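Below is one structure, written out as structure tokens, with a few remarks after it.
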Amino acid sequence: MDIEAKKFGPAASTEADAALGFLASEGTAALTEIDEKKLVRKIDWMIVPRMWAIYFLQYQDKILINYASVMGLLKDTGMQTDQFSKLALAFYVSYLFFEFPTGYLMQRLPIAKYLGLNVTLWGLLTTLNCAAQNYAGLIVLRVLLGCFESAVAPALILITSMWYKRNEQPKRIGFWYLGTKTATIFGALVAYGLLFYTGDRFRSWQIMFLIFGLITIAVGICVIIFLPDNPMASRLTHEEKLLAIESLRENRTGIENKHFKMYQFVEVFKDPQTYFIAVIVTAMDISNAAISSFSALIIKSFGYTTKETELLTIPGGVVSVISILTGTYLAGRFDQRCLSLIGILACGLLGGCLMAFSHDGMKDTELAGNYLTNCVGAALPLMYSIAGANDAGHTKKVIMNAIVLVVLSRKYSGPVDVPHGGRARLYIGKDCDCRDCLGSNCFLHPVEVLLYVSESASRYEGRGTASGEL
């Protein structure tokens, strides 16, 4: 692609987008020849693997408590099943309440540095889990873990929207979101291997927390050092920076702005799209918390041994990986996020029905249904993509991302709404999953139409926008 010599607009105001200010300060861009596809690949290698590593460890550290539950954690700490449910509640409540404060800090501070600091601190907390002796210690750690992990998803959504065009975003979000599913596979293998540990000094679950906590700390430090805060501060050449920024002009959503703008804050809550997205995310993700926190217990309740349970959690991760890759590819290839969402949730609905309507003793059918419910989580990267691509203005994007993540925190009721008794674990997999998948599908069709109308109107209005805007 050619960057033709041209005069950029007048110097931007102090509250303008940082990218517009960067272009204005350049004056005249030199004529040069740059392969845009090659540049995109360079950007991919520079940021996407790091984002994947962050999301991999975030999910891994979150579900370690799940693996530890069948490795002796409950017995060693004297916890009951209802107390274990409250550990998930504690995490999501703190996650919910800290989402808006962390969104504000994310806008005011260098985003990559802030993200790296949060990763490092949650790694420290994960490491400290190995020293927890009782329920009180664990619940304090889970509360703090929720505070620091609340920065991860909104930061990654913002970073993706800073670097990629709309049609490029679904695949990149899908790739770093794969961290959740590869974490399921890798974590299960590590947990299975640690079940053969026979030492007396440490419990197997303590070693697991220690290993992943130290790895997370190391990754957090690397993020602080190597992940750029924006295209202007990256290690790209001067010409590559200009092209990277110019290519994002068609998004008309801006790249970065450190000024909190109240009118954009108000616009978010006046936009009907905000409420439709909130409803659909709520409906589809209540069950995700139950699956991520209780999947090992659900599978074990089908009649499998502890070692078999750890291995049988792996196919669920494989199903998730396939559904994420397929859904995000189709969404980017055909620019049809909502249709991809419907297909993914239909598979999750089938899994919920298999679990809900199977007779006792049909553990193979229930296990297959449990695996298919993992498709529901694959809809999240597409919702992240919608949230990141359809809001113009940095403040608006930050607030919209915070709303999506706050709504996701509603899913903490999944683990807590579990009835007591011998069939408590089966309830999570059956009724809760089927109900939420059905609710999601009921809301998806009108949401698809409304989002389409909203995006079309935005693009139409954009035709009259001055070319100097970002």
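One-based numbering along the chain as shown.
Glycine residues also receive a Cβ, built from the backbone N, Cα and C atoms like all the rest.
For 47-470, the entry in TrEMBL reads domain 'Major facilitator superfamily (MFS) profile'. A mean pLDDT of 76 is what the model gives for the domain 'Major facilitator superfamily (MFS) profile' (47-470).
For 87-105 (among others), the entry in TrEMBL reads transmembrane segment.
TrEMBL lists 139-163 (among others) with the feature transmembrane segment.
Marked as transmembrane segment by TrEMBL: 175-195 (among others). Only residues 6 or more beyond the boundaries of the transmembrane segment (175-195), in the same chain, are considered here, and those with a CB under 8 A from a CB of the stretch are 48, 51-60, 63-64, 67, 71, 156, 160, 204-205, 207-208, 211, 306-307, 310-311, 313-314, 316-318, 320-321, 324-325, 328, 374, 377, 380-381, 384.
The annotation transmembrane segment is assigned in TrEMBL to 207-227 (among others).
Positions annotated as transmembrane segment by TrEMBL: 275-299 (among others).
The transmembrane segment annotation in TrEMBL covers 311-332 (among others). Within the chain carrying the transmembrane segment (311-332), a Cβ under 8 angstroms from the stretch's Cβ atoms is held by residues 167-171, 173-175, 177-178, 180-185, 188-189, 192, 295-296, 299, 304, 339-341, 343-344, 347, 367, 370-372, 374-375, 377-379, 381-382, 385, all 6 or more beyond its ends.
Annotation comment: TrEMBL describes 338-357 (among others) as transmembrane segment.
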